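Asker: The structure follows.
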Amino acid sequence: MRRKEKRLLQAVALALAALVLLPNVGLWALYRERQPDGSPGGSGAAVAPEAIQELHSRQKKTLFLGAEQRLKDWHNKEAIRRDAQRVGNGEQGKPYPMTDAERVDQAYRENGFNIYVSDKISLNRSLPDIRHPNCNSKLYLETLPNTSIIIPFHNEGWSSLLRTVHSVLNRSPPELVAEIVLVDDFSDREHLKKPLEDYMALFPSVRILRTKKREGLIRTRMLGASAATGDVITFLDSHCEANVNWLPPLLDRIARNRKTIVCPMIDVIDHDDFRYETQAGDAMRGAFDWEMYYKRIPIPPELQKADPSDPFESPVMAGGLFAVDRKWFWELGGYDPGLEIWGGEQYEISFKVWMCGGRMEDIPCSRVGHIYRKYVPYKVPAGVSLARNLKRVAEVWMDEYAEYIYQRRPEYRHLSAGDVVAQKKLRGSLNCKSFKWFMTKIAWDLPKFYPPVEPPAAAWGEIRNVGTGLCTDTKHGTLGSPLRLETCIRGRGEAAWNSMQVFTFTWREDIRPGDPQHTKKFCFDAVSHTSPVTLYDCHSMKGNQLWKYRKDKTLYHPVSGSCMDCSESDHRIFMNTCNPSSLTQQWLFEHTNSTVLENFNRN
């Protein structure tokens, strides 16, 4: 009998030990699972070891907040099933089959996208679930804060605005939506007045605010935020479509750390046919170049997660789609009230949150589609300058790094940024860190793609073809059109020295119009061994835009395994099978840097 009692006591002791140890083992396993792949001894550690250590510290702080709360599957399975059965124009995010009559310019004139097509697609259309498969099984905190969803608009199309609202209502748990606040920035279209009021009266959670004069996007957002009652403020644009289970992943991160700003993955809704698809490269970190253009850069190996559906840190947000704890937003001062209309605000809020004690993440399991307009369909008030906004952000937040912007944009030096005393005082009261800290701890991978000091170019000037004596020219081309040969103009006096025949073979191994100090954002691009050479948006990811200028004067294109060639008869420039003895495949740059070229061609 005593032996049985002894065994029973041993079993109880083991059970108690398990109760003590297992939660810690589980948390350790969870912690290990969330570590970046880069090991302390790997190549990434040599890049920015302190930044990686600080990242680990930030992850641990976020991990344990709310760890003991109950979790829940927030998916609306019934709604997902119904959506899967929908058929019709644009359903499942498929392109609308357009006719020539539907492509007319008038369709785009008022909105910057094809409103005729938008009007023919259901307000409740289904979207493809293009999240990572792991998102389907993710659980989030059972108790989440609610949110006020702020949607500013100015002269927005009827169907595109309503589809935005419908998508939010259809794909958001009702208990998480405190309200949807539509903020009208002084629209003058009749359908956005009483007809909109009458329609939105059908939805108790929707209310409309209106400005008394044209305020611009930034102040309109601020008006909506000041009226918000939810625990969290979520900003959307007025031509978006929220995808499946988009909201809980955002609110979960804020519930675990109230000083986290979270951004959904922004998918592309085509402005022509309204097809729904991911952005090129999908999950990438937000960044900028030193002219303050927004850029996207790959997630470095040091930051990649074992589970690609997990949230990841991003230095800079894309713009108007994000969620933030309401009280934290106002502790940060909201948007700088001195910023005019639009532009630069995403940098201001990004720098501010990182430097002043917060963090920012992109959430792969939250996806929202956005129509990228063909062009901006309205004029902003006279005297408003994007440059002024960027100068203001640089003066308040970028410290000595602002000089790199002024070197590239000398016209910014003497531009008035307005009174920034209050903003600098706010920065001081929040005990914000320096911009150098931001660049070394948060955006440490940015200089690899966009160095503050531009490395020397490999070659520049005119590109003259040996066989024809003609020069590469862009004057007849628009973005996406083929390059052409034209009579060389360099020798006709300094007045003829212009960017139409001036190119730079940059340190990125791409070729861009312009001299080394003033290159444009377009690159030589080729897709196959017989394709024309076109100008395309530079992506700095090599691929179709990678070139090698070889000692035999050929411009070799590694992706297609071919060389740039030309035709004297019709002045075409195209790719062809490499033939070093062919004079039409030999090209002379006006200036070359032999050291840089040797480094390029070393392998």
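Numbering starts at 1 and runs along the chain as it is shown here.
Note: Cβ is positioned from N, Cα and C throughout, glycine not excepted.
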Asker: Say Swiss-Prot lists Asp237, His239 as binding Mn(2+): which of His75, His132, His370 is in the same site, per that record?
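Answerer: It is His370, as the record lists it for that site.
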Asker: Annotation N-linked glycosylation site in Swiss-Prot: match it to one of Asn146, Asn170, please.
Answerer: Asn146
Asker: Using Swiss-Prot as the reference, determine which range in 373-384, 385-396, 397-408 is annotated region 'Flexible loop'.
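Answerer: Residues 373-384 are the ones Swiss-Prot records as region 'Flexible loop'.
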Asker: With reference to Swiss-Prot, which of the candidate residues Cys488, Cys538 participates in the disulphide bond with Cys523?
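Answerer: In Swiss-Prot, Cys523 forms its recorded disulfide with Cys538.
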Asker: Among Cys356, Cys365, Cys563, Cys566, which cysteine is annotated in Swiss-Prot as forming a disulphide with Cys432?
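Answerer: Out of the candidates Cys356, Cys365, Cys563, Cys566, the one Swiss-Prot links to Cys432 is Cys356.
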Asker: Where among the binding-site residues Asp185, Asp237 do you find the Cβ with the fewest other Cβ atoms within 10 Å?
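Answerer: Across Asp185, Asp237, these binding-site residues, the one with fewest Cβ atoms within 10 Å is Asp237.
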Asker: For Ser238 (substrate binding site), write down the residues of its own chain that are at least 6 apart in sequence and whose Cβ falls under 8 Å from its Cβ; none is a fine answer.
Answerer: Ile151, Pro152, Phe153, Glu156, Ser160, Leu161, Thr164
Asker: Round to the nearest Å and give the CA-to-CA distance linking Arg373 (substrate binding site) with Asp237 (Mn(2+) binding site).
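Answerer: Counting only the Cα atoms, the answer is 12 Å.
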Asker: Quick one: what's DSSP say for His370 (Mn(2+) binding site), helix, strand or coil?
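Answerer: The residue in question, His370 (Mn(2+) binding site), is strand (DSSP, three-state).
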Asker: Taking the Cβ of Arg214 (substrate binding site) as centre, how many other Cβ atoms lie within 10 Å?
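Answerer: Result for Arg214 (substrate binding site): 17 neighbouring Cβ atoms inside 10 Å.
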Asker: Which one is it: of the binding-site residues His239, His370, Arg373, which Cβ has the fewest other Cβ atoms within 10 Å in this structure?
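Answerer: Each of the binding-site residues His239, His370, Arg373 was scored; lowest Cβ tally within 10 Å is Arg373.
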Asker: Going by C-alpha positions, which of the binding-site residues (Asp185, Arg214, Trp342) is nearest His370 (Mn(2+) binding site)?
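Answerer: Comparing Cα positions, the candidate nearest His370 (Mn(2+) binding site) turns out to be Trp342.
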Asker: State the Cα to Cα distance, in Å, between Trp342 (substrate binding site) and His239 (Mn(2+) binding site), rounded to an integer.
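Answerer: With the alpha carbons as reference points, the distance is 16 Å.
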